[in-house]
Amino acid sequence: MGSSKKHRGEKEAAGTTAAAGTGGTTEQPPRHREHKKHKHRSSGGGSSGGERRKRSRERGSERGSGRRGAEAEARSGAHGRERSQAEPSERRVKREKRDDGYEAAASSKASSGDASSLSIEETNKLRAKLGLKPLEVNAVKKEAGTKEEPVAADVINPMALRQREELREKLAAAKEKRLLNQKLGKIKTLGEDDPWLDDTAAWIERSRQLQKEKDLAEKRAKLLEEMDQEFGVSTLVEEEFEQRRQDLYSARDLQGLTVEHAIDSFREGETVVLTLKDKGVLQDGEDVLVNVNMVDKERADKNVELRKKKPDYLPYAEDESVDDLAQQKPRSILAKYDEELEGERPHSFRLEQGGMADGLRERELEEIRTKLRLQAQSLSSVGPRLASEYLSPEEMVTFKKTKRRVKKIRKKEKEVIMRADDLLPLGDQTQDGDFGSRLRGRGRRRVPEVEEEALEDEEKDPVAQPPPSDDTRVENMDISDEEDGGALPPGSPEGLEEDEAELELQKQLEKGRRLRQLQQLQQLRDSGEKVLEIVKKLESRQRGWEEEEDPERKGTIVFNATSEFCRTLGEIPTYGLAGNREEQEELMDFERDEERSANGGSESDGEENIGWSTVNLDEEKQHQDFSASSTTILDEEPIVNRGLAAALLLCQNKGLLETTVQKVARVKAPNKSLPSAVYCIEDKMAIDDKYSRREEYRGFTQDFKEKDGYKPDVKIEYVDETGRKLTPKEAFRQLSHRFHGKGSGKMKTERRMKKLDEEALLKKMSSSDTPLGTVALLQEKQKAQKTPYIVLSGSGKSMNANTITK
């Protein structure tokens, strides 16, 4: 108790050395500080336990009883360990925290050893010989080392590891080669021959042996068949197999099933597994066979097509309007959206007898579609033929009127109050071979048979005429539509059946008859009254510009040398739609001349001045109908100070104002209508225009041989504001900017202008110079310096050969 620390340390070291010298356990003294007396006891207990274990090992090895030795060792080791651990724990002044892992390792190391493990194994062998159950050994893993006695790890040699791996690979390759040789050793090579092929005796022996084996096999088969027939086994087996064969699901049960794939997607010789398509539990319908891989492939192909598909606009695309049974199938308005709204229509076919499908029905349906399609299209066309100027007899049949319709028209004409019994015949213009012209308004036209018969009836049944009138304005009288309505009542069914052209023709014929009747009434006027009327017109013409608006002067024309000369100078022949219509007037003149000749030539000179006149006898076809305004070409100029109307009239006479001929509307008043001749011309042209528009779409029946070598070269060019021709890209950009209402930015515009300037410089440059004229500048510089070269860098003095610098 009263010893110093130095003395206490020497005592502990002596105790540790004594314990180690006695051959006791390798147990280290506790780390905590204990009393000197307890340490000696613990070391003494440890040494006594070691001696007991040594004696028990020797005793067990001598007697051969491992079990008793092991039990004694276990008891002695446990007893010594308890004593060694219990005694120091009773009296401890200061104790540190225990290390459980360290103590367990120390105890296991003390209790286990090579001799004990061998004795347990020998004990188990003896127990096995005696038929007893072997002892269970709880093997405790040895730790690699402790803190006081660490165990060094094995050194890893990479060269040894590599050699070991190479050796393993060589062994595996040798093993694989050996197995391959064993497998291929049974197969004969091409160079090896069977010994019995070359030796005749060996071949005969082998043949006899094979024959014997065949005979034995046949005998065994016959014997087995006889036994089966005797015991009835074969019949039972056949019945059993037949029943199983009938119960099995075979190809005959596949008849009528639908395969939801196109028949072209199955290739010949390829095996495809079809399964039933999934459907809802409550969904009714037949079973459908599908292949999962083909469904995925079709879906992938469709997705690829949808990705690269562009929106198409085909407003005139014609789909097949006939189904498989040659029936008209309904067409949807927007067929391209049917798949999105109603879903995709899958391709399918049905399996036939035996589960086979050859696509015969699909091919038959396709052949029917092809036949129907070919029937609708014919490649045979009518050969070219010469265009006839006149209608053929077959075409004239369509223009003939029935007798019933003719009688009705004649009856309506008889109901007219005023009839022309002195109507001039139009002449024998029709012949059997003349069937009318295709060019309406450009030649003679045939008078319909209805008109001829009506004219004959009117001549046979004359009516008293009203008293004649000497008013020249009757020529300008307009026949209203209400009077024409008397010929054909609007409510009659016959009028509804007639086409528009026939109704217009009948109206014009009726008006023509009445106008001719009024003109014939004018011929019966007294000549004195005509002279007075002419004198009145002359007096009114001399009064001045106020008499210009008199409608009575429209029917008179005055000819003199000056007016004829001015008329010839001012006439400009035009043949367009807005021209003079000289051809139409010539036709009307020709018809009027024939009417005069048929009437006996009783027309007077005064009648010629009413509406028709001949300027030159040599040119009978050049007639001009002048109004009253044409006679005042060289009259006295009106006084301008009378007002604005006088000034405008003066400007109009001098040609300073552009006058446009306006179409006069039809009114009820007789003094506001057009002349009869002009009125008839306009109506005839309206009818002709209607038929000509219809003939525009008939096309030509013969090619223009004069235009065989004509190959038009059409070039569409665009220019900018400066007159420069634009490229297709620039033209498109200009149209796009004009359409969208926005142009390029500032930078793009500047770059484009710079590029245009460079192109202009390239066009202006000389063939021996650059666009900027550098060659010309170089020559000018050389000429100024009088040197055959030019200095690009440095000063001229440094490059001078006469100057020497150091």
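Note that Cβ sites are derived from N, Cα and C of the backbone, with glycine treated the same way.
In Swiss-Prot, the feature phosphoserine is assigned, of Ser89, Ser480, Ser768, Ser798, to Ser480; the remaining candidates carry no such note in the record.
Swiss-Prot marks one residue of Thr189, Thr398, Thr402 as phosphothreonine, namely Thr189. Coiled coil is the annotation Swiss-Prot gives to one range among 306-352, 494-540, 541-587, 682-728, and that range is 494-540.
When the Cα atoms are compared, Ser767 (phosphoserine) and Lys755 (SUMO2 cross-link) turn out to be 20 Å apart.
Fewest other C-beta atoms within 10 Å: among the recorded sites Lys147, Lys654, Lys715, Lys764, Lys781, that description fits Lys715.
Taking the Cα of Ser348 (phosphoserine) as the reference point, the closest of the recorded positions Lys188, Lys729, Lys755, Thr770 is Lys729. Applying an 8 A CB threshold to same-chain residues 6 or more apart, the list for Lys705 (SUMO2 cross-link) is empty. Of the candidate recorded positions, Lys188, Thr189, Lys729, Thr770, the one lying closest to Lys133 (SUMO2 cross-link) when CA atoms are compared is Lys188. Of all the modified residues given, namely Thr189, Ser348, Ser767, Thr770, the one with the smallest number of surrounding CB atoms inside 10 A is Ser767. Between the CA atoms of Thr770 (phosphothreonine) and Lys781 (SUMO2 cross-link) there is a gap of 16 Å, rounded to the nearest whole number. Classification of Lys654 (SUMO2 cross-link) by DSSP places it within a helix. Distance from the CA of Lys781 (SUMO2 cross-link) to the CA of Lys188 (SUMO2 cross-link) is 99 Å.
In terms of Cα spacing, the recorded sites Lys147, Lys654, Lys781 all stay beyond 10 Å of Lys755 (SUMO2 cross-link).
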